[in-house]
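Some features that Swiss-Prot has for this protein:
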type	residues	note
DOMAIN	5-116	domain 'MTTase N-terminal'
BINDING	14, 50, 79	[4Fe-4S] cluster 1 binding site
DOMAIN	140-369	domain 'Radical SAM core'
BINDING	154, 158, 161	[4Fe-4S] cluster 2 binding site
DOMAIN	372-438	domain 'TRAM'
């Protein structure tokens, strides 16, 4: 074989997909392939696709079409490949391979087979693989941040969600494996570790016979990483034991990402989340009592089939009452293969859009008020970027998760990828502004 081809990866979708991309990069680099961020210079482009909702599929398809027009050899991986492998091979001649969500660990063999002229379909119908600390990984986040997958797949069957069909049943990693990877990441200079899975509060249920998130957090408390953040916590899994572990483990942030989806029992029942409607209020109250400094992020779906103005009004009241720090709102997207796909009483697009806008308009002053409460405080900020034209630094406090929440704009001297104390001097609806505590002493 002559010179090895150059390969680029285009990552789309969620952070679970990002980790898959990082493992593929790590495997390819270890095998001697050249990796380039510039797709124009690459011989192959791996597009790690998303198929969660219609907008994500459209973005994936647009990317594939653009690369096909550029005559690139395309390897399609991820959820779209798992979902529509036959259609993709039929409609995109430039696709030399499709790779399922449980097959990315074989990427080196797949590329070698395509180099020999084969067109490869590597799709496990029931994905069962989960990467551990021994699989090479080439991180694509900045030096100080890493995502750590504690489990893959999902055993729940929410009516709107296709993910269990695309990523398989839940399979958790042993606590020892997760801690070993966290230690590796700490040695690489990681300052913030974000724990992810489909339902992080269910971690360990398949492996140990009961959820073990509390024990995992306690074990990670011994790792030298200052910030550990939990994403995708199912509300009913926030038991007193888990809340206690969050409270008592110093490097676990009191930040919780809770995908509540709705508040009204009728809609939650239709979503196949019936038990949640009985406990939403109690769990949030219990959280705020046990963790007074807790930062709560949530997401909601508006326009689920059958959602009336009364149901939506219940959601508005719920958001007003609980004063979440951060809220994301999605309009319902009917996904073929899910229980909600052909439900009656569809909500018109314009009504869904109006409800999304009304909910975000309700949340905006709440977010602004939460930020305003930080005025005059000194907050720890992880410095991530520098604006060379202004000399200003950009980072995040513990209140803000990467990419989904706000930023902190910082004046003064600081080092990238370090956590520094910052005095907050101004706020707006979504961001904070300040100067390093050292700079503030000058004034």
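Any Cβ shown, glycine's included, is placed from N, Cα and C.
Overlay of Swiss-Prot feature records on the structure.
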| residue | record | Cβ contacts under 8 Å, 6 or more apart |
| --- | --- | --- |
| 50 | [4Fe-4S] cluster 1 binding site | 12, 13, 14, 17, 56, 57, 59, 60, 78, 79, 80 |
| 154 | [4Fe-4S] cluster 2 binding site | 161, 163, 164, 167, 169, 170, 198, 199 |
| 158 | [4Fe-4S] cluster 2 binding site | 261, 271, 272, 273 |
Could you put numbers on the helix, strand and coil content of the domain 'MTTase N-terminal' (5-116), residue by residue per DSSP?
60 helix, 25 strand, 27 coil
Hey, of the binding-site residues listed (14, 79, 161), which one tops the CB count within 10 A?
79
Under DSSP, the domain 'TRAM' (372-438) has how many residues in helix, strand and coil?
3 helix, 34 strand, 30 coil
Could you name the residues, excluding 154, 158, 161, of the same chain that surround the [4Fe-4S] cluster 2 site, i.e. Cβ within 8 Å of the Cβ centre of those residues, in sequence order?
156, 157, 160, 162, 163, 164, 198
For residue 158 ([4Fe-4S] cluster 2 binding site), what is the secondary structure by DSSP, using just helix, strand and coil?
coil
Local confidence of the domain 'Radical SAM core' (140-369) - pLDDT mean:
95
